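Chemist: This structure is in structure tokens; I'll ask about it shortly.
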Amino acid sequence: MGWMHTARFLTTAAQLHHLPAIEVPEIAFVGRSNAGKSTCINTLTQQRQLAFASKKPGRTQHINLFALGKQGATDAVLADLPGYGYAAVSRSDKLRWQQVMLSYLVSRESLTAIVLLCDPRLGLTELDEALLNAVRPRVEAGLKFLVLLTKADKLTRAEQAKALSITRLQAGGGEVRMFSALKKQGVDEVAQLLWQWAHPVQKEDAAVEALPPSKDQN
């Protein structure tokens, strides 16, 4: 989808309070280090180096924001959060960043949707499930949520079907999709879903569309 291809760097922040206030829908990408988060963002936006992928997983420790929409008319923002759970960083750094991400996911007012990336060969980890539990109140209040099973090309079709079934049970509802940057599996579908989330049909508009045509229109 062309809308995703308009993505451009907006800002980066090491602390939550350094992030600017955003008045458009914000979609956060989160996941365990090495789940393919940066690759996913770069594939969706068709930009090889938009999201930085460190050669040492767990070393990217900033929240990066990317604007979407025409220049001067941003209509959504992507947030790339640091990967979590990798042993290469110190315990104190891991705990600090887990707290920063938790605060972001629970309190960020402009947050409209969360995309949780997961390696289907590993399934949802304890940290993934802890994240799900932390944001569940917001999801129940209307926050959109997608579990994206990356690296789908590593699985057979039967294995993909099994992974989808198991993850849907673990996630307790919500969207679950397979994704492969290599095979471009799920790319268009995910891009379309994110666009819909960033451009919700207002109830008033939906009601007008649902009305039968008037006699003057017949």
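Here the Cβ of each residue, glycine as well, is placed from N, Cα and C on the backbone.
The domain 'EngB-type G' annotation in Swiss-Prot covers 23-200, and the record cites sequence analysis as its basis. Among the features that Swiss-Prot reports, GTP binding site is placed at 31-38, 58-62, 80-83, 150-153, 179-181. According to Swiss-Prot, the feature Mg(2+) binding site maps to Ser38, Thr60, an assignment based on sequence analysis.
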Chemist: Asn34, Ser38: which of these binding-site residues has the sparsest Cβ neighbourhood within 10 Å?
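Modeler: Taking Asn34, Ser38 as the binding-site residues, the minimal 10 Å Cβ count falls on Asn34.
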Chemist: Can you check which residues sit near Phe179 (GTP binding site), meaning Cβ under 8 Å from its Cβ, same chain, 6 or more apart in sequence, and list them in order?
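Modeler: In sequence order, Cys40, Leu117, Leu148, Leu149, Thr150, Ala152, Gln185, Gly186, Val187, Val190 meet the Cβ cut-off.
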Chemist: Tell me the Cβ contacts of Lys37 (GTP binding site) under 8 Å, same chain only and six or more apart in sequence, or just say none.
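Modeler: Non-local contacts for Lys37 (GTP binding site): Phe29, Val30, Gly31, Ala51, Asp80, Gly83, Leu117.
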Chemist: I'd like the number of other C-beta atoms within 10 A of the C-beta of Lys151 (GTP binding site), please.
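Modeler: Result for Lys151 (GTP binding site): 23 other Cβ atoms within 10 Å.
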Chemist: Taking DSSP as the reference, which of helix, strand or coil describes Ser38 (Mg(2+) binding site)?
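Modeler: Assignment for Ser38 (Mg(2+) binding site) reads helix.
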Chemist: At a 10 Å cut-off from the C-beta of Gly31 (GTP binding site), count the other C-beta atoms across all protein chains.
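Modeler: 27, counting other Cβ atoms within 10 Å of Gly31 (GTP binding site).
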Chemist: Which three-state DSSP class does Pro82 (GTP binding site) fall into?
Modeler: coil
Chemist: Out of His62, Pro82, Lys151, which of these binding-site residues is nearest Ser38 (Mg(2+) binding site) by C-alpha distance?
Modeler: Pro82
